[in-house]
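*Asks:* Sharing the feature lines straight out of TrEMBL:
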type     : residues : note
SIGNAL   : 1-32     : signal peptide
DOMAIN   : 42-154   : domain 'GOLD'
TRANSMEM : 187-209  : transmembrane segment
Amino acid sequence: MIKDSNVPMAMTFPPFLVVLLLALSTGPQCDAIWLNIPKTGTKCVSEEIHSNVVVLADYVVVSVEDGQTATIAVKVTSPYGNNLHHRENVTYGRFAFTTEEAGNYLACFWSDNRTRGSGEVVVNIDWKTGIAAKDWESVARKEKLQGVELELRKLEGAVEAIHENLLYLKSREAEMRSTSETTNARVAWFSIMSLGICIAVSGLQVWYLKRFFQKKKLI
């Protein structure tokens, strides 16, 4: 008969699992953005995002310089100028969308004219994209994941996001290389054409001077 002991048993994990857990625990954290919006100015934040990526952001007015309550206006636009989110006279809000085009997404904040005083408005923005914007609590409830299983699921999503980013960077690099090669080819043809024109003009000048001197009987 085996008796229960008060000494806790040491749990051992495979080495690869330890590495994965360390990668999750030391991975980059999502920091909030703080903006000091002047009375008559506009502050914008932007991020270059490829297509088919989930974007989620929460914003809230934290305080103003003179202690008064302030409201702000918010506008979010796509790389092609499409309006994705627009609110006025608000103190907090949220916008969420899935990108349809790759490029620079811009979110601009400015103080409402209704705000009294001349103090700066402090706004906190929690901007998340891709895997960071996913609702992991819902995923855990739906797929019945707990503990290490949920962490591994997060790591799988992070790996997929990294793979998609690498593919996006590869496509951008190929596009830039194609543009560079096309530009170099055009420059080369322009140089050849310029050289040809210079040779033709020089030949015409020599021919004209030769005829001029022959008419003057100098040669």
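Placed from the backbone N, Cα and C atoms, the Cβ positions cover glycine too.
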*Asks:* What parts of the chain pack near the transmembrane segment (187-209), using Cβ distances under 8 Å and only residues at least 6 beyond its ends?
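*Replies:* Result: none.
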*Asks:* Helix, strand, coil: count each for the residues of the domain 'GOLD' (42-154), based on DSSP.
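*Replies:* Split by secondary structure, the domain 'GOLD' (42-154) comes out as 19 helix, 58 strand, 36 coil.
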